[in-house]
Structure formats: C-alpha cells, structure tokens
Amino acid sequence: MDYDMYDDMYDEDMLQDMMAQYGDYEFDDVEEYARIPFKELISSCVIPTISQASHSLFPIYLMCFVFKSTVYLGGSDSKGEPVMPSWFPHLTSAIFGGMALYSIFEKNIVYILVCGVLGYVILLMSYRSCRSYSGAVMSLFIVTFIVLCELVLVQRKDWHNVRGAQIILSMKLIGLAFDISSEKTDMPRLDSYLGYVFCVGTVIFGPWTSYHDYTIAVHQNITRGFSFAWLLKVIRSIILSVVCLTVSTCLTQWLILDSGEKWLVAYRDAQSFRFSHYFICFVAETSATLAGLGFTEVMWGLTVSKPQNVELPRSLVDVVTNWNLPMHYWLKNYVFLVAQPYGVVIAVFFTYAASSLLHGLNFQFAAVLFSLGFYTYVESIFRGKLSRIFNACIGARKCKEECAHEYKYNHPCVILTNLIFGALSMFHLAYLGLMFDNSANSEEIVSQWLQSKSSNQLFTGSVVNINNCC
C-alpha cells in the first residue's frame, strides 16, 4: 500500500484537528445499546434462527422417523408377531445412525467410528479375560482415547466439532461395560452393539440410554406402532426446543441490554447459555422419541432436562440433578456409587472429574463443574445441619410428604428460608456463567479469567461460598 497517498491527502494540521475531535467525541451518545422494535427482532433474528435450525435438524428427525417406521412395518405380520431376522432392527439403527453422523460431521465421523469399533474390541477382550474388571478397563480406554485425541491425534477444531457425540458414545461404552461387570447384562452380539452405540435417535444429541432400555425400545418398535400420545410428545418437544432456541439466541439480548447493571448482564449471559443447553435437551427428546425410545407402560415420558427446576431452583442440588437427568443418572450409578466406598468427598470429586473429562480438557468446563461440585456439597451439608437444628423442611432436597420435621414446607419461616437459598442459587448461576467467554481463544482463557473476572463478580461469588463453609 502506498502510504504517501494519505500524506498528500491530509496535511498535519488537518490530522491534528481530526484527532482532537475524535478525542472529544462522546461515545455515550451513540445509540449502541438501543433496543430494536419487537417486529424487527422477529424478522431479523427469530425467523432466520428457526429457519436455520429447521434446515439442520429436519434430516435427522426424518431419519429417526423412517427408522421407527421401517422396523415396525417390516418387522411384524398381520398378527403383530415379529417376522424379520433379529439383526435387522439393530443394523437398521446403526446404518441410519451412521448417515446422521455423516450429515453433521462429514469426514470427522471417523473419530466416532474408530472409538466405537475399538470399544467393542476392548469390551470383548475384557469380557473373556476379566469380566469383573470390564468397567474399569473400558473407563481407562475412554480416558486414554479422549486425552490422545484432545492433545495429540486430532486438530482442536475437528475434535470440538464431534465432542458432543463423543460424550454420548463414551457414556454408552462405560455404562455397558459396568453392566457387564456386574452381570446385569451379557456381552452383546456385534449387530446389537452397533445398533446401540450408533442408534440414530441418540447418536448425535443424546440422551444417554442404557443398553437394556435400547433393547426394550427396539422390541417395542417391532410390536407397537404409532399413537396419539407419541405424536403429542414429539410436538411438545419440538415446540419447547424452538422456544428455548429463541430465548437463547434472540430474547435474552433483547430484554437485557449490555448497558444494564453488571449482575443483570452476567445473569443474562449465563441464562443464554443455559437456554441453549435446554434447546439441545429438547432436540434430544425429539430425536429419541421419533426413533421410538422413551416409552413406558403408561406414557411417552422421556425427560432430558427440567428447565423450571434450574431457573427457579430450591437449591444447587436441584440445578445439578435437573440439568441433564440421563447424565445425572449415569454419573450417580457408574461413578459416584462405584467410588462411594472410598468416602463421600472422594466420590463427589470423582463424579465431577468424570463429568469434566467427558467434556474434554477444557479449563472453563472444569472450573464450572468443580466449583459447582464444591458449592453443592457445601450447601447440602450446611442446609442439612440447619434442617436438623431447627427441625424444619429447609434441607437442600425437598422433604417427602410425611416427613418428621415439626415445621413443614408451608410454614412462613420455612418458605422465607427456602426462597433465600433459592435466590442464592440463582446468584451462583450468574456467577458460574461468568466463567464462559466464547470470544476468547482457548490459550487466553486462563489468564483472562484470573485477571478480569476474579477481581469483581467471581471474587464476590467465592466470598459468598467461603462464608457458607464457615
């Protein structure tokens, strides 16, 4: 570029005048934080967001529906008796799952496939040589695979692209291995294994389902068709996913502007992240239900998350439990209960360590999860002591209907106490949300977090929890 051109265009005095005007400019006068009209929000954000999401999700939903239809229509005669080979529904599930994976990840599908195939080899070898240690062997394999892919074998961008599907696959493999160790299930055939780990309804967004639940769902798809209750469940999940996506992408930024009070902005950013999580959870409900998963003897009742219990929590225990119900069940049964003989504190540590590792070697997730684990443990112990001292229903978990406490949930002081702890939990949700900064490069996350955030809001949150400990 010829910089002399600019010297000829502006003389020195003119440049000084322009710099002086720039220095006197009142930036607060710029309508940077003005709220756009609601109609413009609908046309410029809501409609394009829903359209783009529909374009991405429709092929997956269609494959889930076609899988359920194929298994049902091709698998039973006029009397409802299964007539197809036993391997047909499982291979159909795996084929549609592979197609769904490729439609989203394209060439990066290879990392999921390699992990799934190696997982079966490891499972088969451990089953034949040391069945009682199958869970531990599979856990070691998954940890090694994740660390190698994260640090050595795979480019960071590619690995982050498939990390969500890898989490679901890892949970399936570890859960299946521990079920084999405890003899809750036998070693599956290759076709049923592939159908389970690559099930089209859960392979991308989840939710985690056990191998036992998968086999029951396949049998129900053969013998049970479609129903009005199934359709209502699908429609409900789709509507809720659209609502959560709209709130996360458009409404939170529109309702609370950047010029608002700093804690409101912090809560807004954290809430936007949470609603994006709810969106994925309801998408998972939709895909799994379309594929025929989640049916009980009473209703189609698959529930992945309960946003109402997270946004208006009784305690942080409610947040942890209702954030992702299938993952909570998995962590409780395959991590916490396994480590519990070594002590509750160690079991809690391993539970949050496992959750953090499943999400990858990420400072932000690790900081949030370990902080959440510490706060939850402190709150649970503290409120348990208060509940015993005052003989009141103020524990971290809601009491049963016929508890032995003198002061029940409808007592004014009990209501006030629970509301205060609920507000404190909402404060923590904003505090923990500050640890996420998607605009920063991963190499800068630690330094930015320590330098900019711990000095204000994060420091306040830490002080609150230290006071709770005391």
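Glycine residues also receive a Cβ, built from the backbone N, Cα and C atoms like all the rest.
Whatever TrEMBL says is automated annotation, not expert-curated.
Here's what TrEMBL has on this protein:
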type     : residues : note
TRANSMEM : 57-75    : transmembrane segment
TRANSMEM : 87-105   : transmembrane segment
TRANSMEM : 110-127  : transmembrane segment
TRANSMEM : 133-153  : transmembrane segment
TRANSMEM : 193-214  : transmembrane segment
TRANSMEM : 234-256  : transmembrane segment
TRANSMEM : 276-296  : transmembrane segment
TRANSMEM : 334-355  : transmembrane segment
TRANSMEM : 361-378  : transmembrane segment
TRANSMEM : 414-434  : transmembrane segment
Okay, the transmembrane segment (334-355) and the transmembrane segment (276-296): do they have at least three CB pairs under 8 Å, pairs separated by 6 or more? no
Feature contact check the transmembrane segment (193-214) with the transmembrane segment (87-105), CB under 8 Å, 3 or more pairs: yes
Leading stretch by Cβ pairs under 8 Å, where the reference is the transmembrane segment (57-75) and the options are 110-127, 133-153, 193-214, 334-355, 361-378: 193-214
In the same chain, residues at least 6 away from the ends of the transmembrane segment (133-153) whose Cβ sits under 8 Å of its Cβ atoms read 111, 115, 118-119, 122-123, 126-127, 159, 166, 170, 173-174, 176-178, 180-182, 334, 338, 357-358, 360-361
Any residues 6+ beyond the ends of the transmembrane segment (193-214) with a Cβ under 8 Å from its own? 60, 63-64, 67, 89-94, 96-101, 104, 112, 116, 119-120, 123, 164-165, 167-169, 171-173, 175-176, 179, 184-185, 280-281, 283-285, 287-293, 302, 304, 324-327, 329-330
